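Engineer: My questions will all concern the structure given below.
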Amino acid sequence: MAKDVETAEQGGGEFSAKDYHDPPPAPLIDAEELTKWSFYRALIAEFIATLLFLYVTVLTVIGYSVQTDPVKNTVDAECGGVGVLGIAWAFGGMIFILVYCTAGISGGHINPAVTFGLFLARKVSLIRAILYMVAQCLGAICGCGLVKAFQKTYYNTYGGGANELKAGYNKGTGLGAEIIGTFVLVYTVFAATDPKRSARDSHVPVLAPLPIGFAVFMVHLATIPITGTGINPARSLGAAVIYNKEKAWDDQWIFWVGPFIGAAIAAFYHQYILRAAAIKALGSFRSNA
């Protein structure tokens, strides 16, 4: 792998010329964003992407429940519908598709935890982060609402795709699963979109949405038996609002606290350990002293 290019100026002074450029940190408050059409276009993209994400994935979950219901007996018992593997593919595949479609417009977050992690890393402003989260949650509610509108009986009978802590697991286990699962996802987002990787591994073309989608897929395989896999507060909120049953609301905090903690840890790990942002900042301070 190539290393940073070190060159010396004529006359004795030294400087480091990097073969990549980090974008400048986003301002904490950027009111100017509110005057740009591109900002509102990004909000619309996040809303529609999250709506489509919930619509397809919740339909897949409910369809699997219908297929495996012994009363319905709509498929061979040995087949069991799409199975957990198929559900995981639905979530991971939709994230791959939607991130690919919206990355150039909004960044393709589709997840308040991802937005929160990028905000902590100063990739987005506070205003953009808050309004992205609002758009994502509204999109998730509308997506689940469409599923219920089309299949109301099945939706209410088979749990509405709502995230709930499964029997046999305590809340600490569920919280831990959400923290680790979201860490995997947000860490993958940082790694896949790192400008340093793009510059140095340009000989190995990597489509950023692909590893992000695979991360979602793998986390679902691991945590569906525990929490049904949240790792996306908008996904959990949308299903809970439309399903509106006590159990879904009792466990809702797990699907907000866990993902936000996991996202914060991933942002810290990538920015301050792998990219050594704190050391670079200290070095810059000393050089200017």
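For all residues, glycine too, the Cβ spot is worked out from N, Cα and C.
Sharing the features that TrEMBL gives for it:
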REGION    1-24  region 'Disordered'
TRANSMEM  43-66  transmembrane segment
TRANSMEM  86-108  transmembrane segment
TRANSMEM  129-150  transmembrane segment
TRANSMEM  174-192  transmembrane segment
TRANSMEM  204-226  transmembrane segment
TRANSMEM  253-274  transmembrane segment
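A description of the local structural setting of each listed feature is requested, covering burial, neighbours and distances.
Structural biologist: Tertiary neighbourhood of the transmembrane segment (86-108): same-chain residues 41-43, 45-46, 49, 52-53, 56-57, 60-61, 64, 118, 124, 132, 207-210, 212-218, 220-221, 224, 229, selected by CB-CB distance under 8 Å and a gap of 6+ residues from either end.
Here the transmembrane segment (129-150) has Cβ contacts under 8 Å with residues 42-44, 46-55, 58-59, 62, 106, 109-112, 115-116, 118-119, 156, 160-161, 233-235, 237-239, 241-243 of the same chain, all six or more residues outside its ends.
For the transmembrane segment (174-192), the list of distant contacts is 111, 113-114, 117-118, 121, 165, 206, 208-209, 211-212, 214-216, 218-219, 222-223, 226-227, 229-231, 251, 254-255, 257-263, 265-267, 269-271: same-chain residues at least six beyond its ends, Cβ to Cβ under 8 Å.
Sequence-distant contacts of the transmembrane segment (253-274), counting only residues of its own chain at least 6 positions beyond either end whose CB sits under 8 Å from a CB of the stretch, comprise 111-114, 116-118, 120-121, 163, 165, 171, 174-183, 185-187, 189-191, 194, 227, 230-233, 236-237.
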